[in-house]
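Features reported for this protein in Swiss-Prot:
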| type | residues | note |
| --- | --- | --- |
| ACT_SITE | Glu80 | active site |
| ACT_SITE | Asp108 | active site |
| SITE | Leu28 | site 'Important for efficient shutoff activity' |
| SITE | Leu65 | site 'Important for efficient shutoff activity' |
| SITE | Arg195 | site 'Important for efficient shutoff activity and nuclear localization' |
| SITE | Lys198 | site 'Important for efficient shutoff activity and nuclear localization' |
| SITE | Lys199 | site 'Important for efficient shutoff activity and nuclear localization' |
| SITE | Lys202 | site 'Important for efficient shutoff activity' |
| SITE | Lys203 | site 'Important for efficient shutoff activity' |
| SITE | Lys206 | site 'Important for efficient shutoff activity' |
Amino acid sequence: MEDFVRQCFNPMIVELAEKAMKEYGEDLKIETNKFAAICTHLEVCFMYSDFHFINEQGESIIVELDDPNALLKHRFEIIEGRDRTMAWTVVNSICNTTGAEKPKFLPDLYDYKENRFIEIGVTRREVHIYYLEKANKIKSEKTHIHIFSFTGEEMATKADYTLDEESRARIKTRLFTIRQEMASRGLWDSFVSPREAKKQLKKDLKSQEQCAGSPTKVSRRTSPALRILEPMWMDSNRTATLRASFLKCPKK
């Protein structure tokens, strides 16, 4: 699973996931499923934000190409992917600026158009079950919840899906692709079932040949979301690497 993750996700996403697991004292060599889940969640958060801006009139627009002459503001503030101290600093700044109620738990995004924090969920189970778990944990009507599944289902607070259908379809397609790629490598069952995960871990410890030697294909599309995070967690020497867009899983 670890090899699969490193080949199928952008290196910057992988690095963020590694830092997150290290921050919480988790070993990615053992918790490989969690490693994959964190990378998936990070990518969904970045895709959620990608290409969405607010123009001078305060309208939400989608721009896929950078226009240096356009006076645009990013619609979403990305909180996920930052270390806890910096994340809370961003949240406090947003609350002080917008008057938003400070959430009890760290959310994933802030939507400047709708003026609300957003909690993104990616589940391997039924969306309504995971939604209820999130809602019971957060216990706040102020934080908007949006859940995606690997089967193309989604659920959001008051059926308000925030994004346009095309943007959501892009996320669903990516999740479905990840599922298919995992299944083709015999990793999906262990990703879904803890019991199967233990069996897979034993296999992984015996052999690290899974996905080894496969060529990695790089899409040339730039991820604006990753660019937003650059000042917060990247140094200038790695800007070129940052600008590399999301990696696609190599075909068998």
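Every residue, even glycine, has its Cβ placed from backbone N, Cα and C.
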| said: What are the sequence-distant neighbours of Asp108 (active site), meaning same chain, six or more residues apart, C-beta distance under 8 angstroms? | reply: His41, Cys45, Ile78, Ile79, Glu80, Ile118, Glu119, Ile120
| message | According to DSSP, does Leu28 (site 'Important for efficient shutoff activity') sit in a helix, a strand, or coil? | response | coil
| Residues satisfying Cβ distance under 8 Å from Leu28 (site 'Important for efficient shutoff activity'), sequence separation of at least 6 | Glu2, Ala17, Glu18, Met21, Lys34, Phe35
